[in-house]
Amino acid sequence: MATVLRIDSSALSNGSHSKALADFFQTQWLEKHPTDSFQTLDLSQTPPPHLSEATIGAMFTPTEERSKEQTQQLALSTDYIEQLKKADVILISTPMYNFGIPSTLKAYLDHSLRVGETFVYTDKGPKGLLEGKKAIVVAASGGDYTQSPLDAMNFVTPYLKTALGFIGIEDVTLVEAPGMAGDEASINKSIKQAKQTLQNCL
């Protein structure tokens with residue numbers, strides 16, 4: 001039985017294309033793998049705080065030297081990391097906000113990319129500790145940033161692929177749904193293509 005960690009980041013509770021595609025994937029996955037389980041983290045409902053000076057200080061304090069207060073400061077970060085470690089598949093759904101990911105998703109990653117927990121530094125450079133996992137990134141955008149020259153403005157999928165690879169998750173499938181601010185025909189075509197890509201991930 002596999003565990004899928006689903007992370008939604010759209011601020012919209014209704015009308016989110018990225019969440020709708022994640023819903024589609026979850027339904028299709030469970031039909032094919034009925035004994036698997038999904039753990040959902042909706043960052044719009046439980047937004048993580050941005051990193052503080054105290055949190056950063058605790059992160060870089062050796063475990064054996066941390067005070068009780070520092071350990072408590074890292075409680076949310078530790079919870080996120082444990083969820084990632086237990087997951088076999090990570091599903092991230094995100095819109096594009098001003099060329100990048102929502103600040104909630106960035107804050108989540110800031111808490112999750114932690115030295116000694118999800119990556120370490122070696123003589124050969126940084127090494128990710130979450131190898132062997134698969135990630136699927138569903139990214140929706142109002143415009144089409146998949147082709148030149150607008151692809152240079154896309155800081156969503158390149159960043160997420162880099163961040164996931166940094167912690168050892170190299171098997172990343174990018175599912176993009178561009179043109180969500182276009183006409184109905186264009187939207188339907190984009191969603192259909194995204195769903196086909198998602199079905200190929202089952």
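Each residue, glycine too, has its Cβ placed from N, Cα and C.
Lifted from Swiss-Prot, the feature list:
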type    : residues                                               : note
BINDING : SER10, SER16, HIS17, SER18, MET96, TYR97, ASN98, PHE99 : FMN binding site
Return the count of C-beta atoms lying within 10 angstroms of the C-beta of SER18 (FMN binding site), excluding that atom itself. 26
Please report the DSSP secondary structure of TYR97 (FMN binding site), reduced to three states. strand
Quick one: of SER10, SER16, ASN98, which of the binding-site residues has the smallest count of other CB atoms within 10 A? ASN98
Could you tell me the maximum Cα-Cα distance in Å between the residues recorded as binding FMN, namely SER10, SER16, HIS17, SER18, MET96, TYR97, ASN98, PHE99, rounded to a whole number? 17
Test of understanding: give the count of other CB atoms lying within 10 angstroms of the CB of PHE99 (FMN binding site). 14
Going by DSSP, is SER18 (FMN binding site) sitting in a helix, a strand, or coil? helix
Least surrounded, by Cβ count within 10 Å, of the binding-site residues HIS17, MET96, TYR97 is TYR97
